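Asker: From Swiss-Prot, for reference:
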type: COMPBIAS; residues: 947-960; note: compositional bias 'Basic and acidic residues'
type: DISULFID; residues: 625-660; note: disulfide bond
type: DISULFID; residues: 691-718; note: disulfide bond
type: DISULFID; residues: 692-725; note: disulfide bond
type: DISULFID; residues: 705-726; note: disulfide bond
type: DISULFID; residues: 871-1511; note: disulfide bond
type: DISULFID; residues: 1099-1156; note: disulfide bond
type: DISULFID; residues: 1356-1487; note: disulfide bond
type: DISULFID; residues: 1387-1456; note: disulfide bond
type: DISULFID; residues: 1504-1509; note: disulfide bond
type: DISULFID; residues: 1516-1588; note: disulfide bond
type: DISULFID; residues: 1535-1659; note: disulfide bond
type: DISULFID; residues: 1635-1644; note: disulfide bond
type: DOMAIN; residues: 691-726; note: domain 'Anaphylatoxin-like'
type: DOMAIN; residues: 1516-1659; note: domain 'NTR'
type: CARBOHYD; residues: 937; note: N-linked glycosylation site
type: CARBOHYD; residues: 1615; note: N-linked glycosylation site
type: MOD_RES; residues: 38; note: phosphoserine
type: MOD_RES; residues: 70; note: phosphoserine
type: MOD_RES; residues: 302; note: phosphoserine
type: MOD_RES; residues: 670; note: phosphoserine
type: MOD_RES; residues: 966; note: phosphoserine
type: MOD_RES; residues: 1319; note: phosphoserine
type: MOD_RES; residues: 1571; note: phosphoserine
type: REGION; residues: 947-969; note: region 'Disordered'
type: REGION; residues: 1632-1657; note: region 'Interaction with CFP/properdin'
type: SIGNAL; residues: 1-22; note: signal peptide
């Protein structure tokens, strides 16, 4: 810790007498943070020692010193130069695991008979946990594979129990496991299946050692619906900063490469912006389209665009901000798009920054000072080979590869603060733009101004293991004392532990001594060298002089781990091919492997486990805090992470926090048309320039300038400027014809072998594989083991990154550099599928054919294979083949239009073969097909589980109904989740009383027997409270010993007032006092836990109270009243005094019972008599004070049962205090007794308001008349701190009885896992019973998820809403990747008496459409703002949702907004979009309207090829209109297996909606009865998809013959519906006059015969 923490004073408890020469000094040095269950080195040293000195080291618990946690012995003698070490190990006990406060131990060293003792902070960290996931991003329903490496502080494998939790993006734990890494060699391989229905976002795996819950390690992974990209994009600025004066602007290079290494051809859309903290300003004028040719492109942000796009008063206001650039690259084939962003390009005045982070803050006067100057580029990367100079000392140097330059300065011989200014001297940069920085270094403080110094210096080199380092020890001291310094003691710290100690001898006259050090792998990643000497200074006092230096070592693995390819490395790998991997590592190590598709890291490259990340975690746990040195000798040790104590009282300040002190944060100061537009802007001053600029913006609604100006709320000057510029630009626009935007280039298919059956399609496309753990066996002569593995590559054409992490019991953990395996072939298919498509929605997919042959065009036959789960141009009877030419070094997209018919994962397969070559490829991928409609999450119930209070005889029974699924999409599943969570006992929000406020209670007791107790009480209770609440670090750890000495003094003094009968009085000659004696018993019983108390004294007093002062009825009497009435608290009031005195004495007897029961035979009998007396009178007591004190006495005697407890609680005022008017101290005392009583009987529910009231009194004890109140409030609060946070009274047994399961599902909810969300899923929508028993509370939530039908028109009570959509007028400005554009018009008016404030438009886009964000920005950012802001959310189903916020909606005029919407992918049957308007303040006042392009616009039909429409309709019902159907045909088909029913029906009415049509049929004849027990004349609902409306052509009033299969019956009896599907027969049944027509006579006769045959004879089978 630095000088900013701990007491400001160095605790130099120096003796006042000069030391004699040869007077030995003993020192103890330990790390100032000791870790549990970890071996820690303690350094023991004697200076001027003689003979053998036996040293015993003991570690005790702090503060009580009740336990010996570790003990070791050693001997100091001439042989070891009076320097020795012992290793101690602190076991993990439950005291250390409690989460209250920091933990400390007392390390005690006994040198012969000289004791040296130091209190040291304890860390619960048992080691490190590193978590590796197989990928960084996952889709819903996939599996996360992860490994946890369990290592100790040396990074060696350790077998321990760990707790692992999976945490949602909202921070809720949904899975928790306790696992052991024993016998696992430190590697736990685990997995977790992500549910299909899951929250998107950043999930976490959190893990901690079971005995160190505070030290949590975590790894994040993202859950998202995505498709892996086929290429990656990198954005590289030409400079890592933007120089504010640079007239050339900022250029960025765009590099786009396919994952298999080939260059991309496409188009990049680039936009720049400025970032200021969290705020982003997009520079819309910078939007440019850049061609990507052969994988590269270039975009430039000009200085003018930057300055015009931001509204700062001066250019310098931009300094300190940063530039970001967003790039979207689209392939020329249009099949794939990848986004990339580069952020944090700083805007600077100087291209460099100077840091002093690696420089000590203290110097030794007249000695060299090593200034380590760290120079960085503005992005934080090291600036290499930059000249630097110190202005005052003219010392020059050059930065090395790591950006650091060393400048050695000769410091002056004075004690003043030393300012040092460093600047860069880079050629070509003007002086004003060179970087410069000043630091002030302070002189090292010597003891007694002795001017004795030590300075460590070392050469500036990058150290690697195996190299040697010479450290120079420079000495400066009084010449007369130099010869007394015969050696330096040095210590080396690494990873928070003492690694090595030694002595470096010094010969007489040596001013510089060299210590040679060999760097080993133990020194990685850095180490601290601390050195000191000791002498007796001129003033006769013992002095310690110290210095330290922090040394960086090159980060690398401690051991070896290399992954490489075996065999020929130049060979190109092909998909599915076998390859050889060669892995080299340490013998006996285990290595975890994984191969990851590089496309994963294009989407998310965060959270990869690397060796750098491992060292970062280790460095973060370093307990040293500065780059070296210190303000004095103690500061040197403390800042290096060491605790020092000597037998002469010299010591380091107490470290009280595991974290290093944070430095105080510095406060920071905080085209022709375009040209004419800029000229116009220049006519206006800055304050109204924005109004002019917004007047020249385009308006999507085409409002007039006058109408637009009505929306401005910025004053007349703004309106005037707006109107002028608006009208100016309108005239200009009429004169300019706008250029049409360029479209994406498309390759035309040319008109113009291997058989398809012989082509084996590639079908294995995992995102990761090779998830194995291998063991290294026999090593070679160099000690390195090699493992050779033959693996078969997967089918992806990509680059695989093979990652390896090894764990060795000798060399620890090591992460290898990734090994890349490129997989490709000259000709292949890339089949691009979306993440999911909707059943029955027509969609376009693309197969891209790539030809990487050098100079040969390929003639290719490509085929989409038939799959009955889709409608496409491939059918069971006819192949869909195309022939086309793919030019050399190029690609051709082949679009396919399909209609998915079945939900689930369906296969899409495309094959291609090249004419006249033996070349082919095939790809088979799965496409996720989801049901129509919107996913609905319906909360069925939320209930509180509290069996004790809500149940009968402790059993709570909850009947849960099924969800109402009346709007469910037919032929889809629902899933019900039953969620359970415990509710832990509410812990007090308020902190207990701050220990730092109790200093006034530590006081010296004195005076008579009463005064002495008045003085001793506060000290005893303060120590008890600070021990219980673990707050000594706030108070001062060294003060505890002082307090114990005062208690000992008070105890000794009190014995003077002990009379011969063992009782106590104010003076020896006064009558013995019952109250004082009982009070002595109470205080001494508590003090017995702190100091040695003679049990004869304590128990003699107990015996006197029982034998002399207790009457036969149990009451205690007082004959020697106390003189000092201020010590008796609430006893002053004489009302009910027998009860209150008896209760007081009984409490004292109970608290002394553990000590005195063996010595006082009558103790229990006396306690019972007093208890019975109190019980007889308790219910009649009136005084709140007496009720409280007697209640505590009864509780201690197990007698505070229900009627007495009710009496206690009912006496409280507002259930939080026991109050008598005008008696604040008595009320605090009484309430404290009551709190103790409730804690004893564990009535924790009643406790919180009482503790809150006591805390609110902010009563810190002390003052006249406060003895009892002080003692009781701190006794009560200490007991509360002890009991309630550890109170774990939650034990619920919950059983769920589902009708569809044979046995109930059982869960036990305990306090330890209360926050864990337990989940049960069922696919059945059924009611069920839940039974809860036990203690505590929990929450039950039941949520059903299903696909709901799109709702029809809703009634609109408070809003009028009109929505329309029409094609955008040409010419239209649209994104290049957009296929078409339309304009959405929304007009609304509020139907109330005044305007609706804060309203919201919730707009669901049509499938395949997205809004034009530029239009939305215009609507939201102009001074004539029409909307206040908008949010665009990508929903689960390829449908965008747009939220628009409006400040108000008028109640007199229609408010209208218009914006373009662009179609990005083609869908045959476009689902309608919807617009909902509602007021933020009244969510029920909503109105919804749907919108849809009409068929005449061609959007419904333009993709529908004739055969495909036919295919889609064939799945509507069983077709029979192609050929004449005979009677036998009908009989044969109606009697096929699976046919459930045959009816003659009449269509009563049609209910048409936006996705499904309902036909209400009356059953006129049951020709064959099925599983539905329907009667003639009843109505039944027949459901059909809207795509079948035209094919069915059902007419109201018409009669129909209908039959179908049992699987098409839907719902539960009696509400069964019938789905009309491909197995449903629907035939018009002519009747009446129609049958007279000749053409219908045969059909009518056949239908009548069919009906008769079926009814009379039935089916033959």
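Cβ coordinates come from backbone N, Cα and C, glycine included.
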Asker: Counting only residues 6 or more past its boundaries, what in the same chain has a CB within less than 8 Å of a CB in the region 'Disordered' (947-969)?
Answerer: 931-933, 936, 938, 940-941, 976, 1292, 1325-1335, 1340, 1342, 1344, 1346-1349, 1351, 1555-1556
Asker: Run through 1099, 1456, 1487, 1659 for me and report the disulfide-bonded residues whose CA is within 10 Å of the CA of residue 691 (disulfide bond), in sequence order.
Answerer: none
Asker: Measure from the Cβ of residue 966 (phosphoserine) and count the other Cβ atoms within 10 Å, all protein chains considered.
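Answerer: So the number of other Cβ atoms within 10 Å of residue 966 (phosphoserine) is 9.
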Asker: Of all the disulfide-bonded residues given, 660, 871, 1099, 1156, 1456, which has the fewest Cβ neighbours within 10 Å once its own Cβ is left out?
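Answerer: Counting other Cβ atoms within 10 Å of each of the disulfide-bonded residues 660, 871, 1099, 1156, 1456, the minimum falls on 1456.
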Asker: Could you tally the C-beta atoms, other than its own, that fall within 10 angstroms of the C-beta of residue 1644 (disulfide bond)?
Answerer: 17
Asker: Taking helix as H, G and I and strand as E and B in DSSP, count the residues of the compositional bias 'Basic and acidic residues' (947-960) in helix, strand and coil.
Answerer: 4 helix, 7 strand, 3 coil
Asker: How big is the Cα-to-Cα gap, in Å, between residue 38 (phosphoserine) and residue 70 (phosphoserine)?
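Answerer: Cα-Cα, rounded: 12 Å.
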Asker: Are there any residues at least 6 positions away along the chain from residue 1319 (phosphoserine) with a Cβ closer than 8 Å to its Cβ? List them or say none.
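Answerer: The list for residue 1319 (phosphoserine) reads 174, 977, 978, 979, 980, given in order along the sequence.
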Asker: Using DSSP, what is the helix/strand/coil residue split across the region 'Interaction with CFP/properdin' (1632-1657)?
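Answerer: Secondary-structure composition of the region 'Interaction with CFP/properdin' (1632-1657): 25 helix, 0 strand, 1 coil.
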Asker: Please count the residues of the domain 'NTR' (1516-1659) that DSSP assigns to helix (H, G, I), strand (E, B) and coil.
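Answerer: Helix, strand, coil within the domain 'NTR' (1516-1659): 43 helix, 51 strand, 50 coil.
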Asker: How many Å separate the Cα atoms of residue 625 (disulfide bond) and residue 871 (disulfide bond)?
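Answerer: Cα-Cα, rounded: 69 Å.
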Asker: Cβ-Cβ under 8 Å from residue 1659 (disulfide bond), same chain, 6 or more residues apart: which ones?
Answerer: 1531, 1534, 1535, 1568
Asker: How far is it from residue 70 (phosphoserine) to residue 705 (disulfide bond), counting Cα to Cα, in Å?
Answerer: 86
Asker: Using DSSP and three states only, what is residue 302 (phosphoserine)?
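Answerer: For residue 302 (phosphoserine) - judged by DSSP and reduced to three states - the answer is coil.
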Asker: Between 302, 1615, which of the recorded positions has its C-beta surrounded by the fewest other C-beta atoms within 10 Å?
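Answerer: With the recorded positions 302, 1615, fewest surrounding Cβ atoms within 10 Å: 1615.
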Asker: Other Cβ atoms within 10 Å is the metric here; tell me which of the disulfide-bonded residues 691, 1356, 1487, 1535, 1635 scores highest.
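Answerer: Compared across 691, 1356, 1487, 1535, 1635, the most Cβ atoms within 10 Å surround 691.
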